Amino acid sequence: MSSTLVLETTAYTLEQLIHLDAPQIALAGRSNVGKSSLVNALARRKQLAKTSSTPGKTRSVNYYRVEPEGFYIVDLPGYGYAQCSKEERKKWAKLIEKYIVSCKSLRGLAVLLDCRLDPQRLDVDLTSYARANNIPLLPVLTKGDKCKLRERSDRQKQWAVLLGGRKPLVTASMTGLGIADLWRELRALAAGGLSADDEAEDAPSDTIDAIDDVTA
């Protein structure tokens with residue numbers, strides 16, 4: 001099945017977050033992890049989501065409707081961008097947490113992880129938060145084309161240890177690597193086909209305060 005994305009609405013404040021009965025999958029990741037590029041790759045369009053070499057550009061919650069299936073991929077502000085005020089980082093952290101805790105139709109959290117980097121603290125915090133709150137988790141390595149095969153495999157193994165054996169998918173927006181596999185996972189997640197990890201002993205808390213280094 002061929003799917004694409006349509007930007008339906010954007011929320012910049014807590015009050016602008018919308019209620020949708022349709023299944024939603026949140027897309028989260030650090031600044032400059034390649035979220036916008038991945039959205040464009042999923043949509044097979046170059047400029048649906050604006051991309052930039054400068055981190056800190058996505059400062060809103062963007063609701064993309066998946067056609068023809070009808071579920072939503074919701075692009076959250078990125079985290080870990082230090083070149084903005086602490087007040088602004090906290091604002092976007094609250095926006096992310098409010099979306100996650102209030103979304104009754106949230107089917108899962110797709111966390112984007114830079115294939116070039118060892119597991120980062122903020123990424124580990126977010127995945128632990130999801131597991132502690134029984135949110136089905138879909139880990140996705142981005143920029144796989146920037147890594148050699150051995151490096152990709154090593155990174156998958158690193159994350160598998162942290163995620164109870166779950167290896168992340170490897171993707172590359174520029175080459176299309178893993179995009180078809182990612183679509184299959186997203187459809188399954190929207191249909192309730194994936195389940196949260198049973199073990200969450202590594203989760204530090206049931207709040208998302210640890211990632212208040214936010215904006216992407």
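Placed from the backbone N, Cα and C atoms, the Cβ positions cover glycine too.
What Swiss-Prot records for 29-36, 56-60, 75-78, 142-145, 170-173 is GTP binding site, and it gives sequence analysis as the kind of evidence. The Mg(2+) binding site feature in Swiss-Prot is assigned to SER36, THR58. The compositional bias 'Acidic residues' annotation in Swiss-Prot covers 196-216. The domain 'EngB-type G' annotation in Swiss-Prot covers 21-192. Annotation comment: Swiss-Prot describes 195-216 as region 'Disordered'.
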Candidate with sparsest Cβ neighbourhood (10 Å radius) among GLY78, ASP145, SER173, the listed binding-site residues: ASP145
Pairwise Cα distance for GLY29 (GTP binding site)/SER36 (Mg(2+) binding site) [Å, integer]: 11
Separation of alpha carbons, SER36 (Mg(2+) binding site) and GLY78 (GTP binding site) (Å): 10
